[in-house]
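Below is one structure, written out as structure tokens; the observations come after it.
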Amino acid sequence: MAFATSSFWGPVTSTTEWCEQNYVHSSYIAEFYNTISNIPSIVLALVGLVIALSQRFEKRFSILHISNMILSIGSMLFHATLQRLQQQGDETPMVWEMLLYIYILYSPDWHYKSTMPTFLFLYGAVFAVFHSQIRFDIGFKLHYIMLCLLCIPRMYKYYILTQDKPAKRLAKLYVLTLFLGLLCWLGDRLFCNKISRWYFNPQGHALWHSFMAFNSYFANQFLMFCRAQQRGWNPRIAHFMGFFPYVKIQKPKSQ
């Protein structure tokens, strides 16, 4: 949206803007609430990383939590600047992260161990080069949705095969936060003209960031639980301070 004060970063060069007035609180931050709302994602990804390392999960999960942090930092830079380069720093990690989810979901049943990571790595590299040279706003969204849809059948299969009720609750929280986040995202995009005339802007895109922070955390913990079951690590859902769910495992002594 239009400027309220002077801009440190200059004219907007990104292909997308959101329903938040620019540079209201600082000349260094274009979309203030959309920027700071990425902080919960970074914190929860750090919590997930500590859990993965302390429980000695496979490196794929440490990389997944780190990728969540990288994505959130890229999103912060994009919303703070609304520049084309920073937009790429937000969108490219989104695709890389989905490729990592596809690997985690499908690799346990993949018979040729080296082909999947090699293909996904090359796919991610080619996309990064292509995306750096060509602007495609709608095309990027459709491509990202396609990658997300590839994950759904596998997530549903894991949910069906999981008998542990607390673990199933994590999956349900994942779906709930995704649904609420999408409502906020769509409301911010579809009704911006009306919202911008309101006395109070609910900051739908910032709420999307907050919901997706918990969405990623719940998804990651559920996948860690399923992987621990596959490895025979006797996983269970514990709660930090009686509230915050996380996966606790007990590996056989031989491991």
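Here the Cβ of each residue, glycine as well, is placed from N, Cα and C on the backbone.
Unlike curated entries, TrEMBL annotations are predicted automatically.
The structure displayed is predicted, hence computed values, not measured ones.
The Ca(2+) binding site feature in TrEMBL is assigned to Trp18, Glu20, Asn22, Glu31. The Zn(2+) binding site feature in TrEMBL is assigned to His79, His205, His209. Per TrEMBL, transmembrane segment is recorded for 32-54, 61-82, 119-136, 142-161, 173-191.
Neighbour density at the Cβ, taken as the number of other Cβ atoms within 10 Å, is lowest among the binding-site residues Glu20, Glu31 for Glu20.
Same-chain neighbours of the transmembrane segment (173-191): 18-19, 155, 202-205, 207-208, 211-212, 214-215, 218-219, 222, counting only residues six or more beyond its ends whose CB sits under 8 Å from a CB of the stretch. Nearest in space to Asn22 (Ca(2+) binding site), taking C-alpha to C-alpha distance over the binding-site residues His79, His205, His209, is His79. For the binding-site residues His205, His209, the ranking by surrounding Cβ atoms (within 10 Å, all protein chains) places His209 first. Those same-chain residues not listed among His79, His205, His209 yet with C-beta within 8 angstroms of the centroid of the Zn(2+) site C-beta atoms are Trp18, Glu20, Glu31, Tyr33, Asn34, Thr35, Ser37, Asn38, Ser75, Ala206, Trp208. Listed by sequence, the residues of this chain that lie at least six past the ends of the transmembrane segment (61-82) yet keep a Cβ under 8 A from its Cβ atoms are 9, 12-14, 17-18, 22, 28-31, 34-36, 38-39, 41-42, 44-46, 48-49, 52-53, 89-90, 92-94, 96-97, 100-101, 104, 209, 213, 216, 220, 223-224, 227. Sequence-distant neighbours of His79 (Zn(2+) binding site) (same chain, 6+ apart, CB under 8 A from its CB) are Trp18, Ile29, Ala30, Glu31, Asn34, Thr35, Asn38.
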